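Undergrad: Okay, these came from TrEMBL:
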- LEU30, GLY31, CYS32, GLY33, VAL34, VAL35, GLY36, SER37: NADP(+) binding site (BINDING)
- LYS123: NADPH binding site (BINDING)
- GLU208: L-homoserine binding site (BINDING)
- LYS223: active site, proton donor (ACT_SITE)
- 373-456: domain 'ACT' (DOMAIN)
Amino acid sequence: MSAPVNPQVQTSAAAAPSATSPTPLRVALLGCGVVGSSVARLLLSNREALAARVGRPLELAGVAVRRLGRDRADLPAHLFTTDAEELVTRADVVVEVIGGIEPARSLILRAIEHGASVVTANKALLAEDGPTLYAAADAAGVDLYYEASVAGAIPLLRPIRESLAGDDVRRVLGIVNGTTNYVLDKMDSTGAGFSEAVAQAQALGYAEADPTADVEGFDAAAKAAILASLGFHTRVRAADVHREGITEVSAADVAAAAEMGCVVKLLAICELATDPESGAAGVSVRVHPAMIPRTHPLAGVREAFNAVFVEADAAGQLMFYGPGAGGDPTASAVLGDVVAVARHRVVGGLGPRESAYAELPVFPMGRAVTRYYISLDVADRPGVLAAVATVFADHGVSIQQVRQVVHETDPDREGTRSPGAELIIVTHAAPDAALSATVGALANLDAVRGVTSVMRVEGD
Ligand SMILES: NC(=O)c1ccc[n+]([C@@H]2O[C@H](COP(=O)([O-])OP(=O)(O)OC[C@H]3O[C@@H](n4cnc5c(N)ncnc54)[C@H](O)[C@@H]3O)[C@@H](O)[C@H]2O)c1
Ligand SMILES: N[C@@H](CCO)C(=O)O
Ligand code: NA
């Protein structure tokens, strides 16, 4: 790593805004896809306002692309280059919107070594190797900003990183993936199955051709890792996050939720926790589908919108809501960061460094305290309810609600007609390990023909 190089910061007094001879700050853009093309367009169309806000003009120094020759964002052809490594060496601010781990990481590190501040939307990289980027930025005396990486346009990371820096965040809970929210919303409002709803999301450009990162929860897990790291002043990587996607959520699950007055959402939940045995502090970070009551504010988050609750000791509960994806909304967050780091270049100063002093362990999912909805297909005969209740009691799980719907003419497994019933149970809160062991034991009961639906319940 080279020595700190940031002439703009070191000579900040000399670089004060001047109406007569303002030296532009050079902005290099890496990637010109959905987000990059919006960033380029807004950077040029808002040129004058941005210059006034920063105190110096922002000049688009170049745009690194994989292949030349495509017309992108109506930009002059001379701005494009396939040599990203060279471009980052002649910029004051580098905007990385390529995505993925490599070459994004090497390019960011190279940019930092050459004294550039970095703005990125890359949640995958931050959740995999954020500390390396922070350390490099710290050593070089430059900024690393990444508001667009979580919940797109919604100002969320800066409020946690800066506005709440004097408070103690206890919990962050929300919907941080627009694609899956769109899919679950369509399943709820139209009765569509999972595949049908994904196809609709793809047709509208929400879901990518390969929707794995969204529907399997990888995108939300990376965002949860970033939120937990910032909120709890510790290091959480994507691999530490318990992750369940929405591929197993069926139309029947969504209908069952509706019958309960609930809706199914993919939630990211980050909590400060205490080890029940040692009393030691830790964090619980998880992404999974959950039923939430329709009266809960998150239930009203429709289509591809995002919403996040942040609970802090003194502040209480804060809610952040808005567009979490899309070219222009994401570019809004990117440009806000560009203005912030450019202002530091003009008047001196730096944004917050990494704050990971708490060094908290990440607890396994089994220790998270959750509630379950369980629907069982059972034989309708004496003693069944008692047998089921005993399994719950044996695992120390308390039942909150039981409902039984009798299906007089249901065929049983052998195809003969015998009375059957659907038994719906909602539990009180218990360790996830106890709940999941309860489900395993229920499936082995003679009276239980099948476990038809299991889902966590949140938000009451
Ligand atoms: N699209 C969104 O709504 C959204 C929202 C928030 C954050 N993000 C993040 O923003 C980043 C970009 O997302 P996107 O949706 O614009 O993706 P995209 O696939 O549309 O764009 C990425 C672009 O980078 C280009 N690229 C790949 N390798 C390159 C290289 N070596 N040099 C130069 N260009 C290269 C690709 O050709 C592509 O045009 C990702 O990190 C993503 O997670 C996206
Ligand atoms: N694929 C992501 C984009 C924003 O990170 C989403 O659907 O929310
Ligand atoms: Na954001």
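Backbone N, Cα and C atoms are what each Cβ position is placed from, and that goes for glycine too.
The structure displayed is predicted, hence computed values, not measured ones.
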Undergrad: Can you check what DSSP calls LYS223 (active site, proton donor), collapsed to helix, strand or coil?
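TA: LYS223 (active site, proton donor) sits in a helix per DSSP.
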Undergrad: Return the member of LEU30, CYS32, VAL34, LYS223 nearest to the residue listed as 'NADPH binding site' in space, with distance defined Cα to Cα and candidates limited to these recorded positions.
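TA: Nearest in space to the residue listed as 'NADPH binding site', counting only the recorded positions, is LYS223.
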Undergrad: Sort out the sequence-distant neighbours of VAL35 (NADP(+) binding site) for me: same chain, 6+ apart, CB within less than 8 Å of its CB, listed by position.
TA: VAL97, ALA121, ALA148, GLY327, THR330, ALA331, VAL334
Undergrad: Could you tell me how many residues in the domain 'ACT' (373-456) are helical, how many are strand and how many are coil under DSSP?
TA: 23 helix, 37 strand, 24 coil
Undergrad: Looking at the binding-site residues GLY31, GLY33, VAL34, VAL35, SER37, GLU208, which have a C-beta within less than 6 Å of some atom in ligand 1?
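TA: Passing the 6 Å Cβ check against ligand 1: GLY31, GLY33, VAL34, VAL35.
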Undergrad: At the level of the C-alpha atoms, what whole-angstrom distance separates CYS32 (NADP(+) binding site) and GLU208 (L-homoserine binding site)?
TA: 17
Undergrad: Give the residue from the binding-site residues LEU30, CYS32, VAL34 that has the most other Cβ atoms within 10 Å of its Cβ, counting over every protein chain displayed.
TA: LEU30
Undergrad: Would you mind pulling the DSSP three-state label for GLY36 (NADP(+) binding site)?
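TA: For GLY36 (NADP(+) binding site) - judged by DSSP and reduced to three states - the answer is helix.
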Undergrad: Just jot down the residues in the same chain as the residue listed as 'L-homoserine binding site', at least 6 apart in sequence, with C-beta under 8 A of its C-beta; none if empty.
TA: THR179, GLN202, ASP214
Undergrad: Find the average pLDDT over the domain 'ACT' (373-456) in the predicted model and report it.
TA: 89
Undergrad: Roughly how many Å lie between the Cα atoms of GLY33 (NADP(+) binding site) and LYS223 (active site, proton donor), rounded to a whole value?
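TA: Per the Cα atoms, GLY33 (NADP(+) binding site) and LYS223 (active site, proton donor) stand 21 Å apart.
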Undergrad: With H, G and I counted as helix, E and B as strand and the rest as coil, say where DSSP puts LEU30 (NADP(+) binding site).
TA: strand
Undergrad: Distance check, please: Cα of GLY36 (NADP(+) binding site) against Cα of LYS223 (active site, proton donor), rounded to an integer number of angstrom.
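TA: With the alpha carbons as reference points, the distance is 20 Å.
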